[in-house]
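Colleague: One structure coming up, written as structure tokens, with questions to follow.
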């Protein structure tokens, strides 16, 4: 998404045109190949990425830090307690100040609205590294992972099991942008937000919703799940018993296509949303997903910065 000043923000998959998302994905593949071949790239030497964390993270922090460094740049980490974002200083003022110091801002926050407001007032690119509503960087890594293992994602069917959370919201947006289908199995009361489903369907995604996990898994090309309780939402969590039928185990995987993959953004609660047998099994690609956060996010950083005359 570009604002009125031509700044490219990576807000959601719905805010970036399909052609540009595909270009980012292909760039990620190319950058990964060059890295594996031992090539060194430093297009953003001297550039700085501010990383704002209101929610703790392992994969997001390390992958963005390493990615920016591999591109030649540097990072500075700011925690919510250090910044008091939107409390002691307005988000608008914070955005304007940070824009004078750094070349891009990455934010992992609890509130989607805070991320949107930061992007509204920043004069450098803002990247959504996770909000309670969406997780677009993760899904770009997932699409990359699927295509590495199984080829073009177009026309394939993903089956989601469990809570209708932020990862699912970005998955259905990706379905519209990359032309694949999503079967959603959630217990009543845990459905995804309707605005994301409505947008995906209006933009061509095939979305099926059910309370029956076996129906959703039937013939699917990929089974996806996440923790039953998202980080920071423990006080509002439903009892685990309602999710037990949605556990991804060998019996559920057997309902999918024999070549189906298993995905999970991690960290996983083994024995809850997924069994050891599945997550450690041959169909699981969870650690490839984790690695591909690095490559996808490097391509996202490059997409945000390229048109600002900051390297390639």
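Residue 1 is the first one shown; counting continues down the chain.
Note: Cβ is positioned from N, Cα and C throughout, glycine not excepted.
Model, not experiment: these values are computed from the prediction.
Okay, so Swiss-Prot annotates it like this:
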BINDING   57, 58, 59, 60, 84, 108, 135, 136, 137, 138, 265, 266, 293  carbamoyl phosphate binding site
BINDING   166, 226, 230, 231  L-ornithine binding site
Colleague: For residue 57 (carbamoyl phosphate binding site), which residues in the same chain are close in space, meaning a Cβ under 8 Å from its Cβ, but six or more apart along the sequence?
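Modeller: Spatial neighbours, sequence-distant, of residue 57 (carbamoyl phosphate binding site): 108, 129, 130.
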Colleague: In terms of Cα spacing, which of the binding-site residues 59, 135, 137, 265, 293 are within 10 angstroms of residue 226 (L-ornithine binding site)?
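Modeller: If one measures from the Cα of residue 226 (L-ornithine binding site), the binding-site residues that come within 10 Å are 265.
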Colleague: Between the Cα atoms of residue 137 (carbamoyl phosphate binding site) and residue 166 (L-ornithine binding site), what distance do you get, rounded to the nearest Å?
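Modeller: That comes out at 11 Å between the alpha carbons.
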Colleague: What Cα-Cα separation, expressed in whole Å, is found between residue 166 (L-ornithine binding site) and residue 59 (carbamoyl phosphate binding site)?
Modeller: 16
